[in-house]
Amino acid sequence: MLGFLKNPVVVTAEINMNLVALTVMGLISRLWGLSYPRAVVFDEVYYGQFVSLYMKRIFFVDDSGPPFGHMLLALGGYLGGFDGNFLWNRIGAEYSMNVPVRSLRLLPALAGALCVPLAYQILVELQFSHCAALGAALLILLENSLITQSRFMLLESILIFFILLAVLSYLKFYNLQRHSSFSGSWWFWLLLTGVACSCAVGVKYMGLFTYMLLLAIAGLHFWHMIGDQNLSNVSLMCHFLARGLALVIIPVAMYLSFFYVHLTLLYRSGPHDQIMTSAFQASLEGGLARITQGQPLEVAYGSQITLRNVLGKPMQCWLHSHTNTYPIRYENGRGSSHQQQVTCYPFKDVNNWWIVKDPGMQQLVVSNPPRPVRHGHIVQLVHGITTRYLNTHDVAAPLSPHSQEVSCYIDYNISMPAQNLWRVEIVNRESDTDVWKTILSEVRFVHVNTSAVLKASGFIGASLPEWGYRQLEVVGEKLSKGYHQSMLWNVEEHRYGKSQEQKEREVELHSPTQMDISKNLSFMAKFTELQWKILTLKNEDTEHKYSSSALDWITMDTNIAYWLHPTSGAQIHLLGNVVIWASANVAALVYICLSLWYLVRRRRKIYDIPEGAWQLWVSAGGICVGGWAVNYLPFFLMEKTLFLYHYLPALTFQILLIPIVLQHLGDHLCRSLLLKSMFSALIVAWFSSVYLVYCTFSPVTYGEPSLSVTELKDLRWKDSWNILIRKQ
C-alpha cells in the first residue's frame, strides 16, 4: 500500500534562461538606486497628494482618470508605513524621514522591469524567432525614457505593463485556440486578457485604446471562426459567450470594483466635496454629514431649508438674499425694480435659509402632522431673515437682459404687484405624486405667472458688480430656452420650523437640526455621479513649460526636465534613446511600404513571400502598428495639455516592430549568404550604437553622476532640448 514511497518524488521543470536573464536585467535597470533622488520628482508632486489622501481616508476627485492606478501607488505607501503627512507643494522638495521613498516608487519600477520579459514573450507568441524576441526585450531594456518613467511614483510604466500583459495573454489564448479550446490554460489566458484590459483602463483611460484594439482583433478572429464549417452552432455560441464573459462582463465588473474599493477607502469628507451633490457629500464622514445628520427627509409646508444649485460649477452656491436692493439704474443705463437682491452665494450663511409657505395659509411653521410638499404643488418661498417673498416679473435681469430679474418683493405701493407663486417640479421623480425630499430630490421652480424657471446664471456669465458683493446672478429663465443643470436645486439643510414669531424664528435658523433620518446613497448612485464628474470635470488647461504637441513626439523634438539637484549639475530628464526612436520610425515606415507593395503584388497574383510568412507579417502589424496608431493618433483630437510621456505606450508598440521588420528583411530580402552576413554585421553595429546612446544619456536618466557644464552642453543634441545649465 505504501509502495509509492520506495521511489523519490521528482519534479521536472523547464526554465527559459533568456526570460530569467531579461527579468534580472530589467529589475537591475529599474530598481538600482531607486530612492535617489530623495526629493519630489516632477509629477510626484501631483500623485503624492492623492497618496496622502488615501492614507488619511479623505475623499478626492481626480479628473485625469479612474482610481486604480492611484490605489496601486497608495498601496506602495501603505506597505512602506507612510502616514500621509507630507506637504506636496513643489517639485524638488526634500522628502522628510517619514516618507518611504523606495516603497512609493517600487510598484512602478517593478511594472517597468517586467515589461522587458513581456516584450520577449509577445514576439515569441507572434511566432518570431527567439533572437528577434531577445532583441525586442533588449530595446525595451535600453530605452532611456521608459527607464526614467518607471523609476518614480508615476503611472505610465504600470499602464504599459498591463497593456503588454493584455496583448501577451490574448496571443497565448489565440495560439491555444487551435488545439485545446476550453482547456484550463485556454480559460486562464482568456480571463487574464480581460483582467489586464480592465486594469489598464483602470490605471488611465489611455488603456481603453488598447482594449478596443484587442476587442476588434478578437471580433475579427471570431468572424473567421463563423466561416469554419467544422464548428457546430452550439460550439460557436459557447465561444461567443466565453469571449463575452471574459472580454466584456469581467472587465466591466472589475472596473466597478475599482470604484467600490476607492469609495470604501475614502469615507471622510475632504477638499473636493464641493463639486459633488449634497447627497454625495452627506454620505461622507464629517463635512456636510455633520450638518445634515438627523434632518427630516420630507419637505413640508413650514419647512426651513437651504437650496443648493445642483450644477456646482465652477463653485457650489446656495440661493441667497440680503437687505440690499438692486440699484435703480445699472451702469449701462437700464433700470431695475429696486427690489431686494436675490443671488447665489458660494458660502454657508444664515441668509441662505428660506421657508416653504402654503399660499393659502399665513402660518410659517410645520403643522402636526406635517403636510408634505409634492411634485406639482404651488408654494411661496419666504426669506428666513427678511421675511420677504421670492419674486420674479417682467423686468430684465442685471447681467442677463434677456432673462427676468429675480428678487424678494418689496411693496413700494406702485403698480408692480407681487408675483411670488412657484410650482415645484421634481425632475428625478419616480411618479407624479412624489414627495419633495431633502438632499435626494432635484427640483425645478417654475414661476406660475410667467412660466420662467429659477436659474443660477452666474455659472455661465460673470458675477455681479460691487453693489451685489460679487455674488452670482440668479434669474428667471424661459423654459423655451432649453434645459440646463443650473435650473435645478436641492434642499441641503432642512428643519421643521416651530416658531411663528420672527425673533424666535431667527434664533431657530441659527440652531442645528435634531431629527434622525438616513440618506445614504447606494454604491451605483455614488459611482454614477463620481464617474460623470471625472468625465466632465475640466480643469483650466494652461500652457506648461514642458508641454508639447503630438507632432513633436515622433522625432523627440521635446524633453521634460524632471529634477535638478539644488547645488550640483545632477539632473533627470525624460529623454529617449535617439537611435531607438529613429529606428522605430524607420521600421514603421518600412512596414507600411512593404505591406502596400505586397498587397499590390498579391492583387496581381504575384506572391513574393510564402502564405505563412504573409499571415505572420499581417498579424504582427495588426498588433504593433495597430497598437502604435490607437495609442498615438487620438491625441491629435484631444484638447488637453500634452506631454512627451503620453507617447510612451505608442512608442512601446513601435519598438516591438523593429525586430519584426529586421527578421523579415533578413529572412525574405537577404537571399544570398553574403547579404545575410552583411545584414547581420549591420545589426550588430546598430545595436552597439543603441547601447552607446543608452550609456551616454544614463547620467540624465538616473540623475548621477553629476555632469559638468561642458558635458551637459554636449548632451544637447537638438536645439529644442531644454538641458538645464546653471549660470556660473
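The backbone N, Cα and C atoms fix where each Cβ goes, glycine too.
Keep in mind that what you see is a predicted model, and the values were worked out from it rather than measured.
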Where TrEMBL places transmembrane segment among the ranges 15-33, 129-147: 15-33
Predicted model, mean pLDDT over the domain 'MIR' (370-427): 90
Highest-contact recorded stretch vs the transmembrane segment (642-662), from 15-33, 154-174, 240-261, 674-694, CB pairs under 8 Å: 154-174
